[in-house]
Amino acid sequence: MNFNKLKFGDTIGIIGGGQLGKMMAQSAQKMGFKVICLDPNPDSPCKSVAHEFITAAYDDEEALHELGEKSDVITYEFENISAEQLIRLTQKFNIPQGYQAIQLLQDRLTEKQTLQKAGSKIVPFLPIKEEKDLNVVINQLGYPFIVKTRFGGYDGKGQVLVKNEESIQEAKDLISQQECVAEQFLDIALEVSLTVTIGNQKQITYFPLQENEHRNQILFKTIVPARSDKEQEARDEVNKIINEVHFVGTFTVEFFIDKSNNLYVNEIAPRPHNSGHYSIEACDYSQFDTHILAVTGQNLPKEIEILKPAVMMNLLGRDLDLLEDKFANHPEWHVHIYGKPERKPNRKMGHMTILTNNVDETEKAMLKQFEGRE
């Protein structure tokens, strides 16, 4: 991969105008780059910060071509862009990330097969094309198991836990919609993730291991550094993956740690990730900074310095009234509100990060402030 080193004033095109696109744009602008964004929602968060905004569907070939013509480099904030369209774009325009990661990882089955080929430690899985395949799953994996759709799904959507024969109907309903993947259920002690940036000359920069807690399948909070001894093992797993998949820019690998302290790769997000948002305040470079450095052909920092341990919490729609009531009395809360036009109870509307020398006490105090949060 040949990198074009961008200069001040050059333009970065971003496919996707959500909060990740917005935070990419903010990092790009402080480095002197211009930003043009494409998103079908005319009120998406990135519109408020982009120099230019194209309101168009992600599969609008003419609009994507316009984005390419106006940009010196193109990046993307999410993995659900059509791989076929991305292939065509890479033939005409400068897209250092390429299409392979998207092509492999937007399908849960090819993602699992890729991890298997890389030698990653993953839980046993089986493909499900139709309802009758559940018999094979029950015989080989046994109860309980998780059924996930091959395509789409985020924040727990598109997946069901099958505990026994009585709970299998929900899985059948999911399979009737599209092909799925079944995974053996894992008794999880801890969830962690590792955010990584790859740049020119195969430079690689690791962020600290992140400890995550999900509630109702949505990331609730992240603690950094993770209270785990698995950081080096997680890096080793990432190194296996990058030998198999082409990455440029920031991506995140999510892991499970079971109750016997075994580490398993869960999934890969080929772009900046929710669990890395703490890095904006807690590190000398954020995950968005390093992403922009990578796609614009600049050198990456050799190491990421944690300025202070941190607790990051997602802010959902139902949290905002409470936040507004208490925010004035908590200057230690670094609050980011994304600017989404519609507030929904379970929708990510922002996040906040607290820097601390006592993670345990800060975590308890934060939970007390948002008591009753599920």
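Yeah, the Cβs are placed from backbone N, Cα and C, and that goes for glycine too.
Keep in mind that what you see is a predicted model, and the values were worked out from it rather than measured.
In the three-state DSSP classification, LYS157 (ATP binding site) falls within coil. For ARG108, LYS148, 153-159, 183-186, GLU191, HIS214, 266-267, the entry in Swiss-Prot reads ATP binding site.
Taken from Swiss-Prot, the feature domain 'ATP-grasp' covers 112-296, and the record attributes it to sequence analysis.
Cβ environment of GLU183 (ATP binding site): VAL123, PRO124, PHE125, LEU141, PHE145, ILE146, LYS148 lie under 8 Å away, each six or more residues apart in the same chain.
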